[in-house]
Structure formats: C-alpha cells, structure tokens
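Visitor: First, the structure itself, so that you have it in front of you.
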Amino acid sequence: MSSTFALARPRMRKGTGMILPALVLLLAFFVVPVALLLSRSVTEPELGLQNYRELLASGTYAKIFFNTFLVAGLVTLITALLAFPVAWALVIMPRLLAGLLFAIVLLSMWTNLLARTYAWMVLLQQTGLINRTLMQFGLTSEPIPLVNNLTGVTIGMVYIMLPFMVLPIYGVIRKIDPAILQAAALCGATRLQALGRVLLPLAVPGIASGALMVFVMSLGYFVTPALLGGTSNMMLAEMIAQQVQSLVNWGLGGAAAFILLVVTLSLYALQLRLIGEPKGTA
Amino acid sequence: MKSRIFALAAAGLLASQAAAAEDMVFTSWGGTTQDAQAEAWAEPFTAESGINIIQDGPTDYGKLKAMVEAGNVAWDVVDVEFDYALQASNQGLLEPLDFDVIDRESLDPRFTSDYAVGSFYYSFVLGYNPAHFSGDAPESLSDLFDLEAFPGKRTFYKWSAPGVIEAALLADGVPADELYPLDLDRAFAKLDTIKSEIIWWAGGAQSQQLLASGEAPIGFFWNGRLTALQDDGMDVGISWDHNITAADALVVPKGAPNKEAAMAYIAHATSAEAQAEFARLSSYAPINLGSPELMDSEIRATLPDAQTAVQVNADMAYWAEHRDEIGNRWYAWQAE
C-alpha cells in the first residue's frame, strides 16, 4: 500500500485541488452526521459516559461484540483459504479461461445484494434445496439447520466477501515472476515448499489487504446477518439499527457506532504498520 | 431584458410552489399493506380533492424523530404502531389532530387519541399448517407453547411490540383481565421454554413464507396474512382463541409542511367507505364503526371484528409508557 503512496506522491501536489469535491461530499454527508451521532452518545439521555458504561457492563452487548468479531474472523479466514487458489488460478490459467473465471467472480459482486441473500435463504432453509437433496440421498434423516444461525451468516457472508479477497491477492501474485517457482524447484523445493516458503510469503501483502478489507466490511455488515442469522448471533450493526430505528435510543446506538469506528480505525492503523511499511522499504 | 428573465423565473418559482402545495407525503410500511392503502385511500382521495399523494416508506421512528428535531419534516401523514403513536405524542413529536375535520365520533374509541387515530387494527392469531399435525390440531395459545404435543419450529413476531409477551403470559395461565401490568419475568421464563424452536419473522411476507414452506408449521401471525394465504388456496388452520388485538395509527409529525391536507387525508382514510375498502383488500379490521355494515358478510366473518368474544385487547397506554423498557429487555433476551 505504501509503495503506491510512494509512486503517487510527486504528482500529488498538482492534483490536490481535484479531490476537493469528494472531500466536501464526505464532510457534509459522512463526517458531519457521524460526528453528530457520536456527540449524542455522550449527551443522551444526559451529559456523560453512561451509554459506554451500559455497553461495556452488559453481558448481552459483550456477546454481541463477541459475535461480531467471531463472524468477521471466520469469514476472513474462510475467504482467504478459498480466494488464494482462485487468485492463483486466475494468474496461471490460459487467458480465455481466466477471463471467464474473472467474469464469474465479478458477476456475483455486481448482482443485487438482497437478491443474493434471499437466494441463500431459499437454498439453506429446512425445506430448501440443499436439505431436500441431502435427505433424498439419505445422507441425513433430519434437515440440518443451515439458516437463522451462525452457519447461515458465515456461508452468506463468505460468498459476498470472496471477490474482495480474490482481487487484492490476484493483484499481488500476478506480479510475481513465475520463474521464481521454477527456481525453487531447481533448488530442490517440493511443490508444497515452493508454495509455503516462496509463493505465500510473496503474496502476504495481498492477503493482508484483502483480509483487512473483508474483516472491516464484515464488522459493520447489516443485511446478510440480519436475514440469514438468528437473534442469538446478532451482530453490532443490527443492534445499532435496532437502537436507532426501533427504540429511538440514539445515545446507545451512537456509543456502539463509536466503538465500532475506533476498532476499525485501529485495525487500519495496525495494518499500515505491520504490512504497509516493511513493503514500502523493501 | 434582465428583469424579464427575472419575472419569468419568479413566475416559474410561484407555479412550482403552487404545484408543491397540491402534494403531500404519506409514509407507511411498504408491501401489500401500503399497496392497499394507496388503492383504498390515496387514489380516491386524490380524485376527490386534487391533492396528489406521494407514497414514501418504510416508516422509521428514528427518522421521524430526526425530522421533527431538525425542523425539517418531509412526511405529512405517517402510519405507525399505535403504542408508538401514544409515546411519540407524549414526547411532543406529533401535531394534535383536527377533529373538526376528522369525525371522531364514528371511530372505534379503542384506537383513538388526541394525536392519533387508528389506521386499521388486527389480531395476532395462532396459525398452523394442518398437514403437519396428524393428531389433534392446536387450539389454544398453550398449544403454541407446548413442544411435546406440538413439536417443531414455531414462528413469532421479531420486534418488540404488543402481542407475543401477552401470548406467553396467557399460555402460562394468566387470566386475560390480569395481564397488566405485564409480568415480564414470567413472560420471558415462558418464552425461554420454546426459545430454541423459535424462528422470528420480521415482516408479514416472511411470516407467510415460513408457514407455507413448512419451515415453521405453527406460529403467531397477523390475521390478515393467514387469510391471504387461504385466499391463495393454501390450507391454513386458524385458532382465534385469545386473539390479541393491536393497531396501527395515522399521525401527523410536528411541523409537517401540509397540515391541512394531512387532516383531510386522515379524515378520508378513516371514513366508513375507505376503511371498508381497505379491510376488503387487506383482511385487517376497520376502525370506523360504520364500516362493517358496508362489507360483504363473507369478508366480515374473516375479520377480528367477528371474534370479539375470545378477544384480548393489548393495552396501548401501558405499552406507550413502558415501550423502551420492554424493548431493551426484549432485544437483550433475544440476543442472549
């Protein structure tokens, strides 16, 4: 990430004015409303930190925070495992096939989110296609609960997040000279060693930026967990929506949003330190 | 030359403002309910008054509060839950209704206050898929909470609102006339006994889908949604035993830009004819006392109106007062 900054830096001064419209837009429609909501977290129902105390003291909210991190972590891990082979395939496949695979990855990203989430609902429910097929082949006698629980949320979110992991990994490993793997083989490395000690370390920046993106997006995700999850594995975004929309308790909703924002920014800072800088100096 | 352009622009501005004065915004929950409201209320109202109604939605209490506080209200009439209407009026978020325009005498007093009149009312009823229960059919709310006699997933309304808590208490043996003040500890203890088998429905369409697909063969539904399934040819069992009424309300947010039009629209929407027509389209019950006699006896038989003998009225004033407290506890319990 830092290396792109390094490239962009000399040209930045001239173009600075051009970011003004985007900056104004962000300020007016993002920064100001967020600041207002956050200010309510320390002023409603009265001045003070009572909303934060309530959030941190309650076992229920602790569980919601835990759920949020659990889902985000699981989704990040599984997408990384799935995305790496896909990204590698995109690099080494013949151009036509790679193009097709690319189209499949992107097409899923461009299809309406709600439509895709409802589609999963239909597939995963007790009387859905998956359970019916499993029962027909006698693999299970009872339908397996695949939706309204952690399984449903994880499946749905992994599917939605996959492109956000594939693209950064692809971006990094396609720049790796394939000859490096031949070199590894010539030096006597097995295929597994070549993967683990040559390819993977070189792909780390891509995996890391993909992982950060997926993890952060997952932390704040609303639609998919709300539709495919059960209430006992509620995530933070749904709780914030509940507080703001149904209970009209902006103080508590704002406090939860603030904590989410701090966590996100800290993760981003951490990633810049861990991944960004070493690569920049390399 | 310049002044002519200015005059033209001014004239254009005036014209556009005049057009804007003919418009008002009605906000409701979307879906088939709002479609029926548009057909039964808005279209005839526009034809009669020339006031164009812009449909907006879904209703969002956070948004409503934000609009009123910011003094920038975009909604003229809003369909809200009745207990929320009472709470919002206590918080000063609503305009008092103009009962010189709206005929208060003709409306069901259960669903009328100075700041809100019923939009329609409905009952929560026990619904089930008969194909799933080969032995005895479920008959009472106790059956709904009885996992031994009636095993399997059951579906309940997800949001904190009058209905499910009352049902739990009634199933646990609390007499209908001793429901309030609600014994929340007892209600949640009863709900705990079936919690692992509950699938929550967040909207009417989802409740229908859960029942029709067999995902949840039994549950607690808005009556109109079950009638709609029957109209589609599905075999649905309904038990009206202890059907629990709740209502939606029509309110005008404080500072609404087209107050007069709003009052006229509410007067029209709550008229006997408009309420009867909406009831016919939606299977929810009319809140105008003169509506039932305008309706087919066949349709009247499917309405909560015909089930008053076994009916329990959720106490809206109690809910308005304890809405936040119950809501916080409800969502915390769900997330446990």
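Note that the numbers count up from 1, one per residue, in the order the chain is shown.
In case you wondered, yes, glycine gets a Cβ from its N, Cα and C as well.
According to TrEMBL, the protein has these features:
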| type | residues | note |
| --- | --- | --- |
| TRANSMEM | A:65-84 | transmembrane segment |
| DOMAIN | A:65-271 | domain 'ABC transmembrane type-1' |
| TRANSMEM | A:96-115 | transmembrane segment |
| TRANSMEM | A:150-173 | transmembrane segment |
| TRANSMEM | A:194-227 | transmembrane segment |
| TRANSMEM | A:247-270 | transmembrane segment |
Visitor: Cβ pairs under 8 Å only, please: of the recorded stretches A:65-84, A:96-115, A:194-227, A:247-270, which one is richest in them relative to the transmembrane segment (A:150-173)?
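Guide: Per the Cβ count, the answer is A:194-227.
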Visitor: Checking distant contacts: for the transmembrane segment (A:65-84), what same-chain residues at least six beyond its ends satisfy Cβ-Cβ under 8 A?
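Guide: Non-local partners: 150, 153-154, 157-158, 161-162, 164-166, 169, 203, 207, 210-211, 214-216, 218-219, 225, 233-236, 259.
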Visitor: Six or more residues out from either end of the transmembrane segment (A:194-227), which same-chain residues have a Cβ under 8 Å from its Cβ atoms?
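Guide: For the transmembrane segment (A:194-227), the nonlocal Cβ contacts are 1, 68-69, 71-73, 75-76, 79-80, 83-84, 87-88, 113-114, 117-118, 121, 153, 156-157, 160-161, 164-173, 176, 180-181, 184-185, 233-238, 241, 260, 263-264, 267-268, 271, 274-275, 279.
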Visitor: Mind checking which residues reach the transmembrane segment (A:247-270)? Cβ under 8 Å, same chain, six or more beyond either end.
Guide: 34, 37-45, 50-52, 54-55, 61, 65, 212, 215-216, 219-220, 236-237, 239-241
